[in-house]
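Written below as structure tokens is the structure these notes are about.
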Amino acid sequence: MKRIGVLTSGGDSPGMNAAVRAVVRKAIYHDVEVYGIYNGYSGLISGKIEKLELGSVGDIIHRGGTKLYTARCPEFKTVEGREKGIENLKKLGIEGLVVIGGDGSYMGAKKLTEHGFPCVGVPGTIDNDIPGTDFTIGFDTALNTVIDAIDKIRDTATSHERTYVIEVMGRHAGDIALWAGLAGGAESILIPEADYDMQEIIGRLKRGHDRGKKHSIIIVAEGVGSGVEFGKRIEEETNLETRVSVLGHIQRGGSPSASDRVLASRLGAYAVELLLKGKGGRCVGIQNNKLVDHDIIEILESKHTVEPNMYQLSKELSI
């Protein structure tokens with residue numbers, strides 16, 4: 001394999017640039033040319049593809065977002081769209097592709113593999129919801145962004161003796177809410193993977209208030225429901241002054257943490273190794289601090305789960 005491509009797809013995550021950098025440098029180290037596909041699968045179809053050199057990835061390891069940009073691409077879900085993308089790759093002599101993104105990006109890589117084009121997936125999403133890896137690129141940075149927000153909100157919650165509901169990202173996965181809630185000392189954590197009892201939460205808030213507790217923090221993953229609605233209900237049923245903060249897309253931005261930079265570098269380089277060994281249709285990950293790879297179809301058919309012991313711990317510590 002003498003030429004490979006790399007693209008970022010789906011929602012951006014801090015550390016994607018570090019992964020792109022690792023792909024380019026690892027490939028060039030092995031005398032393999034690298035082409036960057038801009039705007040994800042959309043750029044693959046439109047032919048927005050450029051050769052990347054060492055200088056192309058200079059000064060990006062510490063930058064959030066993605067140098068290659070990203071976009072949603074409904075057209076790629078069609079056979080015609082995928083065939084057009086493969087045609088553009090073959091015109092340039094590109095023989096393999098590294099795809100950095102979440103499960104939607106993995107689905108695109110799977111489809112390309114089924115068309116006979118070798119792809120390797122690299123998990124890049126703040127949600128940490130990709131099976132087969134302990135952590136995804138961007139999760140640690142997003143987690144630290146949320147924890148920083150919790151700490152600051154707690155300062156004002158304490159000053160005004162208020163209850164705060166903080167809504168975080170996580171439409172289908174509660175990792176951000178769970179980890180940030182544990183690290184931030186939240187009184188209640190609501191995640192999509194676990195049922196909750198609203199009356200139990202309200203009772204806990206009332207008991208805390210009765211014993212002199214001046215403020216409370218409740219973390220709600222967006223997949224559970226609207227933080228605004230939770231805030232209204234809590235205030236109505238407890239008579240405690242309640243405010244809501246929806247963190248939104250700030251969770252996706254920012255300079256990647258040291259952990260995410262290292263993870264992205266390891267996974268990006270490993271993806272190139274797999275392609276050069278002729279191993280397409282795979283996706284990479286980290287488990288117990290060791291690099292692993294899995295069949296991409298198996299991963300797409302698997303379901304990510306949160307650590308049940310961590311969720312139980314969060315309940316035990318929030319009494």
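Backbone N, Cα and C atoms are what each Cβ position is placed from, and that goes for glycine too.
SER105 (ATP binding site) falls within a helix when secondary structure is assigned with DSSP. With a cut-off of 8 Å between CB atoms and residues at least 6 apart in sequence, the same chain places THR8, SER9, GLY10, GLY40, VAL99, GLY121, GLY124 near SER105 (ATP binding site), listed in sequence order. The ATP binding site annotation in Swiss-Prot covers GLY11, ARG72, CYS73, GLY102, ASP103, GLY104, SER105.
When secondary structure is read from DSSP and collapsed to three states, GLU187 (ADP binding site) falls in the coil class. Swiss-Prot lists ARG21, ALA22, VAL23, VAL24, ARG25, ARG154, GLY185, ALA186, GLU187, ARG211, LYS213, LYS214, HIS215 with the feature ADP binding site.
According to Swiss-Prot, the Mg(2+) binding site annotation covers ASP103, on the basis of sequence analysis. Over all protein chains present, the Cβ of ASP103 (ATP binding site) has 18 other Cβ atoms lying within 10 Å.
Per Swiss-Prot, the feature substrate binding site maps to THR125, ILE126, ASP127, ARG162, MET169, GLY170, ARG171, GLU222, ARG243, HIS249, ILE250, GLN251, ARG252. Counting every protein chain shown, 26 other Cβ atoms lie within 10 Å of the Cβ of THR125 (substrate binding site).
When other Cβ atoms within 10 Å of the Cβ of ASP127 (substrate binding site) are tallied across all protein chains shown, the result is 26. Positions annotated as active site, proton acceptor by Swiss-Prot, on the basis of sequence analysis: ASP127.
Cβ neighbour count for ARG171 (substrate binding site): 12 (other Cβ atoms within 10 Å of its Cβ, all protein chains included).
Neighbours of THR125 (substrate binding site) among the binding-site residues GLY11, CYS73, ASP103, defined as a Cα within 10 Å of its Cα, are GLY11, ASP103. Among the listed binding-site residues, namely VAL23, CYS73, MET169, ILE250, the Cβ with the most fellow Cβ atoms inside 10 Å is that of VAL23. Closest in space to MET169 (substrate binding site), of the binding-site residues given as ARG25, ARG72, ASP103, GLU187, HIS215, is ASP103, taking the CA atom of each residue. Across the structure, HIS215 (ADP binding site) and GLY104 (ATP binding site) place their CA atoms 40 angstrom apart.
Cβ neighbours within 10 Å of GLU187 (ADP binding site), excluding its own Cβ and spanning all shown chains: 21. Candidate binding-site residues: GLY102, ASP103, ARG243. Nearest to VAL23 (ADP binding site) by Cα distance: GLY102.
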